[in-house]
Amino acid sequence: MSQTAYPPISEHLDDPESAREEGRRKMDWAFQHMPILTELQKGFEDEKPLSGQSIGMAMHVEAKTANLVETLADGGAEIAITGCNPLSTHDDVSAALDSHENITSYAVRGVDDEEYYAAIEAVIDHEPTITVDDGMDMVAAIHDDYPELIDSIVGGCEETTTGVHRLRAMDADGALNYPVFAVNDTPMKRLFDNVHGTGESSLASIAMTTNLSWAGKDVVVAGYGYCGKGVAQKASGQNANVIVTEVEPRRALEAHMEGYEVMPMAEAAEVGDVFLTTTGNRDVIVKEHFETMGDGVLLANAGHFDIEIDLDALDDLAVDRYEAREGVEAYEMDDGRRLNVIAEGRLVNLAAPIALGHPVEVMDQSFGVQAACVRELVENGESYGPGVHDVPDELDEEIAEIKLAAEGVEFDSLTETQREYMGSWEHGT
Ligand code: RBV
């Protein structure tokens, strides 16, 4: 195996000690609001279910993620981590993680493509037995460049829609050679993180980056999946007029029946004030749309990759380009219109300069599922063959029950008669 020279975060910083302190403060704050991880951590500390495992991670390295990483380390694992987006890392948190004796963090904010992939290789050099990805870059790098490691990999976990989509495509091609849990697809993740997390944090990040209001704006939401639904609902709650664009007829109809305007992007481009992409696909806003947009529009993306807004085409059209505010790049057209791109078209809730990612509570749920899935891989990994796997429902239920108990919410359970009734087909009218 090649030894890469890419160093951990602490060697990139002038004052790693004070960075660590600030990172630790951010982690402590988040952890106070993470009852699920707190509960799982207790069991992990007592039982050390992950002893002997080496976990390689590529995720957004900020305070909530860091608490997941420490929880896994408390379970006995050795961990190497890097970012899954060049702009989402908080260097101070990365430094705090790196100071843990069983954790090495290579995540650094603002890396270029070469450094981004060098850091992934540095993680792979730790020879992971388990991978935890957000976007599938680690799985891809292992399959492409280090296939000899696959035999000793128990399995992986994938956090996000885009990653699961890529993994399913890889699986369909017969190219995925170890089991990976689709953490994204669980109710405890998708119904909360994708909907409320993306909705709240994207809108908050755009508002804070621009200091502009949502009220009275025409907000165009591209894509009406779980993320799009959340964004549309929260924008509507902020008194914006929401316009949805879709390519899938049932989702377009759902958006229409939920009271939003639905129209093609070509029409929406002419009327929108703010455009937010959540499709997971490329080329959603392109040259023909830029040509008809009004002066001062805001363009942002909440999908995992920065491919939804065609920035090359926008750059070609622009006669001038400048930073209008921190995190806002203005592209000036030859007729004087200014089109403002937020956070370089990267996922705005994590990549904007002030971005904090999703709220703590929803990440506690997503990361609770992640921790339970890592434990499941260690305990029962051999029973899963290569390919994408749904997370066993009992694990997701376990996380929901911990959360409900922490919130003091009690709920009913089925009686024996009800259970029997639900399981039978014989009782008719
Ligand atoms: N996400 N992570 C955060 N750590 O603050 N915020 C959002 C964080 C995840 C979320 O689960 C989503 O699926 C993924 O980022 C997209 O890359």
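Cβ atoms are placed via backbone N, Cα and C, with glycine included.
Keep in mind that this is a model prediction, so the values were computed, not measured.
Asp134 (substrate binding site) falls within neither a helix nor a strand when secondary structure is assigned with DSSP, and so counts as coil. For Asp134, Glu159, Lys189, Asp193, the entry in TrEMBL reads substrate binding site.
Positions annotated as NAD(+) binding site by TrEMBL: 160-162, Asn194, 223-230, Glu246, Asn281, 302-304, Asn349, His358. Neighbour list (His358 (NAD(+) binding site), Cβ cut-off 8 Å, at least 6 residues apart, same chain): Lys64, Asp193, Gly197, Thr198, Glu200, Ser201, Asn349, Ser366.
The annotation compositional bias 'Basic and acidic residues' is assigned in TrEMBL to 11-23.
The domain 'S-adenosyl-L-homocysteine hydrolase NAD binding' annotation in TrEMBL covers 194-355.
Helix, strand and coil counts from DSSP across the region 'Disordered' (1-23) read 12 helix, 0 strand, 11 coil. Feature annotation from TrEMBL assigns region 'Disordered' to 1-23.
Proximity to ligand 1 (Cβ under 6 Å from any of its atoms) holds for these binding-site residues out of Lys189, Gly225, Gly228, Glu246, Gly303, His358: His358. Within the set of binding-site residues (Gly225, Gly228, Gly303), the lowest number of other Cβ atoms found within 10 Å of a Cβ is recorded at Gly225. Separation of the C-alpha atoms of Gly303 (NAD(+) binding site) and Lys189 (substrate binding site): 16 Å, rounded to the nearest whole number. For the substrate site, whose binding residues are given in the record as Asp134, Glu159, Lys189, Asp193, the maximum C-alpha distance rounds to 13 Å.
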